[in-house]
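Enquirer: My structure is below; once you've seen it, I'll send some questions.
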Amino acid sequence: MTLNKTDRIVITLGKQIVHGKYVPGSPLPAEAELCEEFATSRNIIREVFRSLMAKRLIEMKRYRGAFVAPRNQWNYLDTDVLQWVLENDYDPRLISAMSEVRNLVEPAIARWAAERATSSDLAQIESALNEMIANNQDREAFNEADIRYHEAVLQSVHNPVLQQLSIAISSLQRAVFERTWMGDEANMPQTLQEHKALFDAIRHQDGDAAEQAALTMIASSTRRLKEIT
């Protein structure tokens with residue numbers, strides 16, 4: 001995907017914040033300095049600030065400019081923020097927090113999917129699974145299929161309130177998948193088997209097996225995340 005100038009500056013400044021060049025509570029350079037540094041206009045820098053505010057990485061203070069927000073206010077459900085944090089430093093507390101959220105949400109989704117999935121839902125899940133199998137050596141295509149797989153499982157629950165959380169859930173999953181993809185023979189067959197086990201449990205309307213399959217999947221990805229972080 002081609003990034004425009006605004007996106008590139010957002011990534012640069014976002015990483016600088018997360019990686020500690022600008023610490024929480026400290027000011028970012030003034031607009032004029034950033035315009036000179038990135039050879040761009042004030043309008044572009046203001047767009048960048050809006051994007052960083054949406055990620056809750058900065059706060060704007062009247063007449064004073066942009067300041068780095070406290071770390072506990074950062075939007076960890078933003079895929080970019082989570083990726084930048086994970087690539088910068090191993091934080092066992094963050095890994096634990098991510099696992100807690102997934103363990104809380106995904107097994108329940110799996111159980112409800114087993115109870116409620118229609119034939120059309122099953123076809124969507126199976127289609128995504130087949131794409132994962134077909135693209136198991138293509139990191140980007142595999143991860144996109146993996147996200148579609150989990151989104152299809154979530155959609156099969158038919159809970160409109162839960163579906164409103166799908167963006168947040170998918171952001172968390174996407175950040176994890178981007179870091180834990182392993183195409184080697186020691187990991188990929190297990191990953192595919194775990195996804196097939198969940199699909200089979202949903203297809204057979206076995207809520208207990210679906211819940212256990214989700215827990216197994218989370219445990220595996222958490223293990224891989226700890227190994228590489």
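Glycine too: its Cβ is placed from the backbone N, Cα and C atoms.
Heads up, here are the entries from Swiss-Prot:
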type	residues	note
DNA_BIND	31-50	DNA-binding region
BINDING	Asp146, His150, His195	Zn(2+) binding site
DOMAIN	1-71	domain 'HTH gntR-type'
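Just tell me what is around each of these and how deep it sits.
Expert: With DSSP states grouped into helix (H, G, I), strand (E, B) and coil, the DNA-binding region (31-50) comes out at 17 helix, 0 strand, 3 coil.
Following the DSSP three-state reduction, the secondary structure of His150 (Zn(2+) binding site) is helix.
Summarised as a single figure, the pLDDT of the domain 'HTH gntR-type' (1-71) averages 95.
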Enquirer: Let me check the 10 A CB neighbour count of His195 (Zn(2+) binding site). How many other CB atoms are there?
Expert: 22
Enquirer: Counting only residues 6+ away in sequence within the same chain, which have a CB under 8 Å from the CB of Asp146 (Zn(2+) binding site)?
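Expert: In sequence order, Ala128, Met132, Gln173, Phe177, His195 meet the Cβ cut-off.
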Enquirer: Just to be sure I understand the packing, how many Cβ atoms besides its own are within 10 Å of the Cβ of His150 (Zn(2+) binding site)?
Expert: 24
